[in-house]
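Engineer: Before we start, here is the structure in question, set down as structure tokens.
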Amino acid sequence: MGKTYSSPVNPIPKAPKGLAIHHWLNFLQAAYRLQPGPSEFDFHQLRKFLKLAIKTPVWLNPINYSVLARLIPKNYPGRVHEIVAILIQETPAREAPPSAPPADDPQKPPPYPEHAQVEPQCLPVLHPHGAPATHRPWQMKDLQAIKQEVSSSAPGSPQFMQTVRLAVQQFDPTAKDLHDLLQYLCSSLVASLHHQQLETLIAQAETQGITGYNPLAGPLRVQANNPNQQGLRREYQNLWLSAFSALPGNTKDPTWAAILQGPEEPFCSFVERLNVALDNGLPEGTPKDPILRSLAYSNANKECQKLLQARGQTNSPLGEMLRACQTWTPRDKNKILMIQPKKTPPPNQPCFRCGQAGHWSRDCKQPRPPPGPCPLCQDPAHWKQDCPQLKADTKGSEDLLLDLPCEASHVRERKNLLRGGGLTSPRTILPLIPLSQQRQPILHVQVSFSNTSPVGVQALLDTGADITVLPAYLCPPDSNLQDTTVLGAGGPSTSKFKILPRPVHIHLPFRKQPVTLTSCLIDTNDQWTILGRDALQQCQSSLYLADQPSSVLPVQTPKLIGLEHLPPPPEVSQFPLNPERLQALTDLVSRALEAKHIEPYQGPGNNPIFPVKKPNGKWRFIHDLRATNSLTRDLASPSPGPPDLTSLPQDLPHLRTIDLTDAFFQIPLPAVFQPYFAFTLPQPNNHGPGTRYSWRVLPQGFKNSPTLFEQQLSHILAPVRKAFPNSLIIQYMDDILLASPALRELTALTDKVTNALTKEGLPMSLEKTQATPGSIHFLGQVISPDCITYETLPSIHVKSIWSLAELQSMLGELQWVSKGTPVLRSSLHQLYLALRGHRDPRDTIELTSTQVQALKTIQKALALNCRSRLVSQLPILALIILRPTGTTAVLFQTKQKWPLVWLHTPHPATSLRPWGQLLANAIITLDKYSLQHYGQICKSFHHNISNQALTYYLHTSDQSSVAILLQHSHRFHNLGAQPSGPWRSLLQVPQIFQNIDVLRPPFIISPVVIDHAPCLFSDGATSKAAFILWDKQVIHQQVLPLPSTCSAQAGELFGLLAGLQKSKPWPALNIFLDSKFLIGHLRRMALGAFLGPSTQCDLHARLFPLLQGKTVYVHHVRSHTLLQDPISRLNEATDALMLAPLLPLNPTTLHQITHCNPHALRNHGATASEAHAIVQACHTCKVINPQGRLPQGYIRRGHAPNVIWQGDVTHLHYKRYKYCLLVWVDTYSGVVSVSCRRKETGSDCVVSLLAAISILGKPHSINTDNGTAYLSQEFQQFCSSLSIKHSTHVPYNPTSSGLVERTNGILKTLISKYLLDNHHLPLETAISKSLWTINHLNVLPSCQKTRWQLHQAQPLPSIPENTLPPRASPKWYYYKIPGLTNPRWSGPVQSLKEAAGAALIPVGGSHLWIPWRLLKRGICPRPESNAVADPETKDHQLHG
């Protein structure tokens, strides 16, 4: 062995001549364990001693190390004594019984018989001291040398293991090198078994922990490929070697490993033979699927192997390999049962065999004469195959293999006959026998021997049998039967079959001439009549399964698919594809076209298509229907979701599953919707226009396809459900589960369902059908007689460093199995918290100690993941566990091993979660779940809330959940301190009995005000918070500044917390707040609640210790009511603490800003003399003409607001530009509206009038000059549309337009003053400031009101013509008639009524309202007393 390998830098010492390699490795492993390590001198002395020991007569095989130690001379140099002592210590002495095989016999594979001597266990591979740090890859000569050493030993035998160990020790291979070595040394069967065992060992090692292994760096196999990972690579080498010892026994040369596919044998028949052979010969516990999949490709004929290679399915699932071979094999066989050749008249020439005419030579019954003498016996009368010398000795003949394929050439090749002599080649059509899934290959044949009449019999056609088998009763009595050994699917047999060495004639129904066989097998038990390949090859017939082409099935066409509104079809361009993808896409489209799922199409609409490569190398057709889905209306799904399989009663023990293939491709698509499902197959390199197709059936990817299929399938199964009321049919998508109380009823139900599905044309997958007894796999779960488990459970590695993707994926798997995992929500919540706060998907998460402990808890709980099936006679009980992190609810039944379901519900995303509301929600959820899945509500609810807390909540809470809890209170059961019940043995979770402090009320709310307690008023805003503590007087008040990022709610919380901090000494407190949020928060806290995630979570948590144990009265105060009660005044005082004080304007400042009149200053706190002094001292008012010097005007005024307006346009120069000011003034109140424009047009006048109407209201009539803008057609039409009377006056006439002209002067004077104060003041600002001064500041001296107050006053009432108003206290006035130019005063007369702005004066037998400016007080002409009239008279001329 040492000569076969290349020498490393520090070569391993070679074995002495005559010593087996596996023995030498034992000495090397012992030498490497010396301390200190061995030297070259030690190895030299060891080799020298072993050379001498081998030649001694006491040398034993196997080696007895105790005897060997006695042969070592005393004072022998080196450390040979220590090496042999290590071997004696590691190898316990055993005596081999007589029945044990020799220990060095490499031909006996493991496991050995019970009493066989077991080879000493070799320690893990140790590399030599000073070995190089890098490994050496294999070379071909190295692999050949290793294979030559182990060629005569079975995998796993001692010699095999020692040889491989030495190779590993010399080359230090990586994981890839070990994989190459396994493929080179062992068969595909052994490699597959070794791979299964290695995966198991790696998983166990990763769980226990490996030195140097980093889970984040990839699998162990990937890390072991790194040549620098020397320690980790050696761990992998030991696992790889240990996998051989775990191989099942008898793995060398199994009988079923040599089963090959015949040249004409269908692939499905070949796979069926393999499957039967594996079922009969595979050791128990060995996985069958990988071996069957490996042999199905490696032992297939060349045609199927080439096909599977071209399709990329050499390692695909077995169903896909079968489908590929059945679909893509050449269709060169005619689907004809039996067809005879065309009859032609026999020739006139004599037959060259028998010399007689009247028949063809091929139909001659005489054997063809041999071409020459037999090469064995030189007899010219027979052929070589009929030579007696070949038949003389059959005892030493080789065993017959029944299941080996035929090696004959292709028998269906067309014969090329010479054309000449008037002879034509007969038209030969080969007989083919089509089979179906339900039909067995059986024919009625007749069997005869020489000098016997034919006997009819039913024969089974078997292309896997090499030789024909006949029953013994057909054999003539004088037959000479010979012993033989037959190797079949059940193993070798020496007694069941005999060989008959004489000709036998078999008459087939489709052949005139019989098939003549030189020999056949005789079944001594009269069980089998088989026509093998020897008979089928002579008649040139073959068996095949008739193809059943896929077609659009007779399923009902759906009436609604969501596109009935017929929107415009989408037009999404097809994107380019590389040649590989385009070729795969062309192949996929061809398959869909053959299956009649699509058809050529010419019309509008297009959606892109592309292929996706699966992990197994196959391609999948993807039609991007997102554009169509966006146009489609959602259909209401009849399915509420996947069923809970625990609802399957235990009294329905007999189960069967039915799986439908290509479910969505069975629903026909109406032609009107084809534009929405059209696509284009592009040409390579755009060499031509693409080919257009559209779906004939609803495709995958359409969002309503699952809903439509469920509706169709439910309609098909509805009659079956009515016919079998005692059975259950569970349907979800294309998976169907049947459950019945009796096997006979299940059989009838299965037949009924199968017939219904077959009638509608829905194909079923027979490979995936499962039935009891045994477990049933359905919807990812395993159904056992009394429980439900999941097919796969997530493997959790307890570690502190996780990537975000790993943790998210693991939690997703946990969510799938959470209904059966006995763990509380708190453990899951800890892991959910670890996902928060990350924005980069590539982040790495470091778990806290609490989260790592949660991982351990979940890992233990997964080992108990199991759920019980429903017992219909027992009630359903519920357990509710409330925790701050969420609610855990359990549904279970008494006397059962496992619960029905675990439900984990997170708390709602609110700042405070009252436990009473959570309990009510859990009750509603459990009742709904139980009623939906089990058909009954819960009998009782067990919860972890004390009776005292529940009673207090029901008596004091005003929440809506109180009504729900009272309704279900008769079903409540408190767990108590020491609970008793079925869950003590059922639920292995001790945390459910822990008390929750949060559920206890932290403080008590008093229903009335507490007399002896102080009062706390608090408030807050985004920048400040304040509180006042009052007890007969203000004890303390404080204003708190807040951070800039604070919200209003946080400000209110800050104020309340500061007030509570100051009120700590008092056991009771009255709290008055104007925040409904805080009032509700305190009331919920008093009842007991869980804190939720919020931005103010820390502030909410600080409330609990400050209120703990207090008695509190809470009162809500409405703010800004201006009431004078103490509560409102103290609340306003709290608000005032947060407001910055606003200093009122003094009269001097007000005049400096606005230049208002003295009456306005008196209205703002100045006396008459002070106001006059302020105006006189103003420099701006001195420079610019004061308002008092403007000329007076006399016009016709309105008697009420918005009766008569005057309008005018005045011009103003501002910064070298000329502006037009369109002024409107009400003649009753004098209120003004101004619009600044650049032009004076009809449109500008309309805009200005609209602006005035929006502020002052709509006038009854307007009065303007006769300018072109006011007389324009546009302005006149606008006034007519609003029913406004328009009249004109004489411009610049005091008696016609005096009011508006005076207003223009006042306005321009104020603007000039403002611009004098600030030259850069914008014109719009100056105009607005002027309007504020004129309308809202300046006070009219006649009525002591502003123009705006006068304009908003109540209008004067209308006076009836015939009735006089009631007389008031007499007042005498001199008056002038409005509108007249007479300067003389009339009167005095007594006023009948006075109002704001005018007085009612009798004039000439009628009554007129005279404005105050045309009135002056007079003295009664005949006073009744000596009272002197008021000598003060005032001119009521309006001033600005």
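For all residues, glycine too, the Cβ spot is worked out from N, Cα and C.
In case it helps, Swiss-Prot gives these features for our protein:
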type     : residues                           : note
BINDING  : Asp659, Asp734, Asp735             : Mg(2+) 1 binding site
BINDING  : Asp1019, Glu1052, Asp1074, Asp1135 : Mg(2+) 2 binding site
BINDING  : Asp1208, Asp1265                   : Mg(2+) 3 binding site
COMPBIAS : 98-113                             : compositional bias 'Pro residues'
DOMAIN   : 1010-1143                          : domain 'RNase H type-1'
DOMAIN   : 1197-1366                          : domain 'Integrase catalytic'
ZN_FING  : 349-366                            : zinc finger
ZN_FING  : 372-389                            : zinc finger
Engineer: Which entry in the list of binding-site residues, Asp659, Asp734, Asp1019, Glu1052, Asp1074, has its Cβ near the fewest other Cβ atoms, using 10 Å as the limit?
Structural biologist: Asp659
Engineer: Under a criterion of Cβ-Cβ distance under 8 Å and sequence separation of at least 6, what residues of the same chain contact Asp1135 (Mg(2+) 2 binding site)?
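Structural biologist: Listed in sequence order, they are Asp1019, Ala1026, Ser1119.
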Engineer: Using the alpha carbons only, what distance in Å do you get between Asp1265 (Mg(2+) 3 binding site) and Asp1074 (Mg(2+) 2 binding site) once rounded?
Structural biologist: 59
Engineer: For a three-state summary based on DSSP, what are the helix, strand and coil counts in the domain 'RNase H type-1' (1010-1143)?
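Structural biologist: Taking each residue of the domain 'RNase H type-1' (1010-1143) in turn, the totals are 51 helix, 36 strand, 47 coil.
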Engineer: Restricting to the same chain and to sequence separations of six or more, state which residues have a Cβ under 8 Å from that of Asp735 (Mg(2+) 1 binding site).
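Structural biologist: Looking at Cβ-Cβ distances below 8 Å from Asp735 (Mg(2+) 1 binding site), excluding near sequence neighbours, one finds Thr657, Ile658, Asp659, Leu660, Phe778, Leu779.
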Engineer: In terms of DSSP three-state secondary structure, what is the assignment for Asp659 (Mg(2+) 1 binding site)?
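Structural biologist: DSSP call for Asp659 (Mg(2+) 1 binding site): strand.
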Engineer: Pick from Asp1208, Asp1265: which of these binding-site residues has the biggest number of other Cβ atoms within 10 Å of its Cβ?
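Structural biologist: Max Cβ neighbours within 10 Å, all protein chains included: Asp1208.
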Engineer: For Asp734 (Mg(2+) 1 binding site) and Glu1052 (Mg(2+) 2 binding site), what Cα-Cα distance in Å is obtained after rounding to a whole number?
Structural biologist: 58
Engineer: Per DSSP, to which secondary structure element type does Asp1265 (Mg(2+) 3 binding site) belong, with helix, strand and coil as the options?
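Structural biologist: DSSP call for Asp1265 (Mg(2+) 3 binding site): coil, neither helix nor strand.
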Engineer: For Asp1208 (Mg(2+) 3 binding site) and Glu1052 (Mg(2+) 2 binding site), what Cα-Cα distance in Å is obtained after rounding to a whole number?
Structural biologist: 56
Engineer: Note the Cβ centroid of Asp1019, Glu1052, Asp1074, Asp1135, the recorded Mg(2+) 2 site, then list each other residue of that chain whose Cβ lies within 8 Å of it, in sequence.
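Structural biologist: Filtered neighbour residues, in order: Ser1018, Gly1020, Ala1021, Ala1026, Gly1055, Leu1073, Ser1075, Ser1119, Asn1131, Thr1134, Met1138.
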Engineer: Could you tell me which three-state DSSP class Asp1208 (Mg(2+) 3 binding site) falls into?
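Structural biologist: It is in a strand.
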